[in-house]
Amino acid sequence: MESLRQKVKEDGVVIDEKILKVDGFLNHQIDAKLMHEVGKTFYEQFKDKGVTKILTIEASGIAPAIMASLHFDVPCLFAKKAKPSTLKDGFYSTDIHSFTKNKTSTVIVSEEFLNENDTVLIIDDFLANGDASLGLYDIAQQAKAKTVGIGIVVEKSFQDGRQRLEEAGLNVSSLCKVASLKGNQVTLLGENE
């Protein structure tokens, strides 16, 4: 997705050799037009898979996931990082470690909104070590839902997330693949690395 690749190159800020800040269009301020295009691209890639639900995790996964759900015309469900007082009945839960925040959170999804009749597309903002996507996949498995793929907005290809997801048998689609953040510069896969 060329517009996303260009945005990452122009507006992405390298924090260190493993962390890329994209607060200007994805993780804090959201470029709605770009996210609409992201959602449409995921729709084009997975439209024949019978998706009934988009699954993501709060907070940064919500923007691309909600845009995809508009194109699929299905609900967007996000895993919560805290159990709300309104959730009285059953829920699925799993522990997810955030690479960027270096923090482990227990995330939950109400059993009311995910079950064996669902066909799920998982969408997330970043792929680093794969923990968030694998955690969401675990929740889908607990619900006995079918997972048809993982849609990633920005993949850090120099980390092992894709490999871990593919080893789990998951179909991974990344719209922008970062090859390196060395030298305080964003190098995308396919560029002069």
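Even glycines carry a Cβ here, placed using N, Cα and C.
The Cβ of N27 (xanthine binding site) has 19 neighbouring Cβ atoms from other residues within 10 Å, across all protein chains displayed. Under the three-state DSSP scheme, N27 (xanthine binding site) falls in the helix class. Feature annotation from Swiss-Prot assigns xanthine binding site to L20, N27, K156.
Residues or ranges marked as 5-phospho-alpha-D-ribose 1-diphosphate binding site in Swiss-Prot: A128, N129, G130, D131, A132. Within 10 Å of the C-beta of G130 (5-phospho-alpha-D-ribose 1-diphosphate binding site) there are 26 other C-beta atoms, taking all protein chains into account. Annotation note: G130 (5-phospho-alpha-D-ribose 1-diphosphate binding site) sits in a coil segment as assigned by DSSP.
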- Item | Site of maximum Cβ density within 10 Å, from binding-site residues L20, A128, A132 | A132
- Integer Å value for the Cα distance linking L20 (xanthine binding site) with G130 (5-phospho-alpha-D-ribose 1-diphosphate binding site) is 16
- Item | N129 (5-phospho-alpha-D-ribose 1-diphosphate binding site) CB neighbourhood, other CB atoms within 10 A | 18
